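Encoded as structure tokens, the structure appears first; notes follow it.
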Amino acid sequence: MHHFDRINGALHAEGVPLEALADAVGTPAYVYSTATLTRHYGLLADAVAAHPAALGPALIAFAVKANSNLSVLATLARLGCGADTVSEGEIRRALKAGVPANRIVFSGVGKTDAELAFAIEAGVRQINVESAIELDRLIEISSSLKQRATASRAIATPEIAIRVNPAVGAGGHAKITTGGATDKFGVPADEAHALYARASLSPHVTPVGLACHIGSQITTLEPLEVAFRALRTMTLELRAVGLTVSRLDLGGGLGVPYHGQSDLPSIEAYVAMAARVLDGLDVEAAFEPGRLLAANAGVLLSRVIQVNERGDGRRFLVLDAGMNDLMRPALYDAFHDLVPVRPREGEPRLYDLVGPICESTDVFARDRLLPPMQAGDLVAFMGAGAYGAVLASEYNSRPLVPEVLVDGDRWAVVRTRPSYEDMLDREPTADWL
Ligand code: LLP
């Protein structure tokens, strides 16, 4: 569910007409709904709170990679949401947005020494270790930070989880599967046990649990359940040899209805399944949703530049948004519904939706049935709140588009559109030119 609805025929973000936003900030622009973010977080938080025995005082950590806008993060942080991060930049964003360090998880396959040191010094809740070699580096870094610590600046021993690769890949596209045996993520299950035991022997890290994340846009619960069961089994095995396992990080990955599907697992069913699998383990669960919270909370607002009609009948709707602004269709053949902000009367027609970029992959969709469209019309790509603005680039020297946050009848530009001067000023010309 989302809060982009028609009022008197025109699409609004909550109480704000998208036409007024387009006039005020120009197009393309990302527009986010506070009410939708709040609703999605609330649904997940309530579902989790319904299973206190199985899930403990669970952490919901928004996957910052899905939408790292500071105001989006601050909106979630005020609701009590934590942050799942994969870089120093994301940790800094989460902290700046008001997420307490003890609600920040640091994941990622390739954390640099500087990033690991930063995370330890920031006192993040948990570092998810993804390989044996990373564990060695982390122990080394933690130990040297402690040697340099002073009485006034003590360094806590980092709490870690071992990210297990349960060899179950899942997800809406091969390019967003992360838990398959050949994927680069996590430690194979048969190595994780020994690694956990080794970490337990070090005074410089405190292993507290296991983590997994098998993929994204997952639309059935079965693969998730297989992965969660693998974590359960491993927890029991580790405990059987006297090791402590108090947290299980279940990752993110639950899919959203981009096509308006009604057969996706509900948030309640997903959480209930997790509670069933973890029942009796007495662990604190963590969830790392990205898309689930943010996708339907955002649209990409765009204007039709022109309509190109070919002699063979093919009709191209040329938009001012391109693949550099919304990469998902070009990268993953992803579907985003396109909705005219104020549909015209008349017979619907087929359009190919394209951007202005000089690449043949700059096609958002083929053969979409839409009301008659004309130059100047406004359209909204739905479901663009996750992996939208964050994946954008300045390809073709197009400025990154602004982001707007709506809350009821009020709105604010929460990332400005850079001017061409801003863009050019970032590149000092070499002094020999
Ligand atoms: N936790 C970890 C460790 C992750 O790698 C990810 C996403 C998440 C949580 C959040 O997953 P979600 O709940 O959003 O599915 N750019 C792609 C998606 C890439 C997801 C990468 N990892 C897309 O636009 O579909």
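Note: Cβ is positioned from N, Cα and C throughout, glycine not excepted.
Per TrEMBL, pyridoxal 5'-phosphate is bound by GLY253, GLU288, PRO289, GLY290, ARG291; the candidate from TYR351, TYR387, TYR395, TYR420 named for the same site is TYR387. Among the recorded positions listed here, namely LYS65, GLY253, GLU288, LYS65 has its C-alpha nearest to that of GLU359 (substrate binding site). Of all the recorded positions listed here (LYS65, ARG328, TYR332), LYS65 has the Cα closest to the Cα of ARG291 (pyridoxal 5'-phosphate binding site). Checking the binding-site residues GLU288, ARG291, GLU359, TYR387 against ligand 1, the ones with a C-beta less than 6 Å from an atom of that molecule are GLU288, ARG291, TYR387.
Within 10 Å of its Cβ, the residue among the binding-site residues ARG291, ARG328 with the fewest other Cβ atoms is ARG328. Shown are the binding-site residues TYR332, TYR387; the one with the most C-beta atoms within 10 angstroms of its own C-beta is TYR387.
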